[in-house]
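Working notes, beginning with the structure itself.
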Amino acid sequence: MHDALMAALRTVNDPELHRDLVSLGMIEAAELGGGVARVKVNLTTPACPLKGKIEGDVREALLKVPGVQDVVVTFGAMVRAPSQPALPGVKHVVLVGSGKGGVGKSSVAVNLAASLARDGAKVGLLDADVYGPSVAHMMGQGAARITANEERKMLPIEAHGVKFLSMANLSPAGQALVWRGPMLHSAIQQFLKDAAWGQLDYLIVDLPPGTGDVQLSLTQTVQVTGAVIVTTPQDVALIDAARAIDMFKKASVPVLGIVENMSYFVAPDTGHTYDLFGRGGSRKLGEQFPLLGEVPIDTDVRQDSDQGTPVVLAHPDRPAAAVLTQVARNLAGQISIRSLSSLPDQLTVV
Ligand SMILES: Nc1ncnc2c1ncn2[C@@H]1O[C@H](COP(=O)(O)OP(=O)(O)OP(=O)(O)O)[C@@H](O)[C@H]1O
């Protein structure tokens, strides 16, 4: 009967990876007892954007097998590392960049990290926006100070299920750090390599805006899975975003997708939607990059940040939070696609 179940499961494709669940090695167990088929599917990320669809397709396929009256699908998840993991213990480093400042890059980075962690992934967040580190404040840990373990490695601070490091937690509160190029390079190296990140599925890196030394230094320091570009819809922001895309291209960093932030505003009193900056402009950046989501302007995004809890956790039902959650899942899906496209045709079959 196991064979019959597996044969049926071979007809179910992962909708994003376009290969069947069996050859992808995603079926951990499949058994039939008392007319009930019990299947455990191991997803390629706990933040799988298409979990519901996979469950429906598995159910439909198994109900066609003679003797199956009911189907129980359970899920596990294991994020697969690329052939060359980014850092020891860290599977994927994802850069969050923007061409220009103030487009909401840090807000997106923080909410991506919190959302992936809430979905069950092991997540780190590195604030490499050394000129304006805001992650610590947005995580409600502006006053925390970084300590070291017995191996003299920096211990990331933990909040909202995310481990993070920020320059803001090194310097006395409210004081700016003045860094020059080589110091910046070594500071970022240390944050990446001399920190006790432990086991991480995703290390999200909030880059400084623009296309300067820090961004390049990072792409040369570790094997990066890819970059997310945050932009707003107006032409000036898009021109700068195109420049950032070009920088990543030259550094051989794949662009995993675009996030259009402050895309539109829904008036709370009338429900009217206003495209303040000309919504949808990021599609002009080219069809070749997935649009991970269009995030509306929502005062809760700012207020929750100021109060130290990302909006995806503080107000998950707000439209902006729902989009940001979907952006995180779409990103996780893109990372799975990237990691699996480099794997052989046939993986372990149970
Ligand atoms: N979708 C949104 N709705 C409302 N406010 C937002 C939204 N996104 C970001 N903001 C607010 O806009 C301001 C700038 O956001 P943020 O600091 O994330 O931008 P940034 O691109 O990282 O900026 P910098 O270039 O300074 O690093 C913050 O006050 C933030 O709370």
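The backbone N, Cα and C atoms fix where each Cβ goes, glycine too.
Keep in mind that TrEMBL annotations are predicted by a computer and have not been checked by a curator.
Annotated features in TrEMBL:
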- 3-73: domain 'MIP18 family-like' (DOMAIN)
- Gly99, Lys100, Gly101, Gly102, Val103, Gly104, Lys105, Ser106: ATP binding site (BINDING)
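Distribution of TrEMBL features across the structure.
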residue: Gly99; record: ATP binding site; Cβ within 10 Å: 24
residue: Lys100; record: ATP binding site; Cβ within 10 Å: 19
residue: Gly101; record: ATP binding site; Cβ within 10 Å: 13
residue: Gly102; record: ATP binding site; Cβ within 10 Å: 12
residue: Val103; record: ATP binding site; Cβ within 10 Å: 24
residue: Gly104; record: ATP binding site; Cβ within 10 Å: 21
residue: Lys105; record: ATP binding site; Cβ within 10 Å: 26
residue: Ser106; record: ATP binding site; Cβ within 10 Å: 26
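Per-class residue totals from DSSP over the domain 'MIP18 family-like' (3-73), listed helix then strand then coil: 20 helix, 21 strand, 30 coil.
With a cut-off of 6 Å between Cβ and the nearest atom of ligand 1, the binding-site residues Lys100, Gly101, Gly104 reduce to Gly101, Gly104. Of the chain residues outside the ATP site list Gly99, Lys100, Gly101, Gly102, Val103, Gly104, Lys105, Ser106, Ser98, Pro209, Val230, Thr231, Thr232, Ala237 have their Cβ within 8 Å of the site's Cβ mean position.
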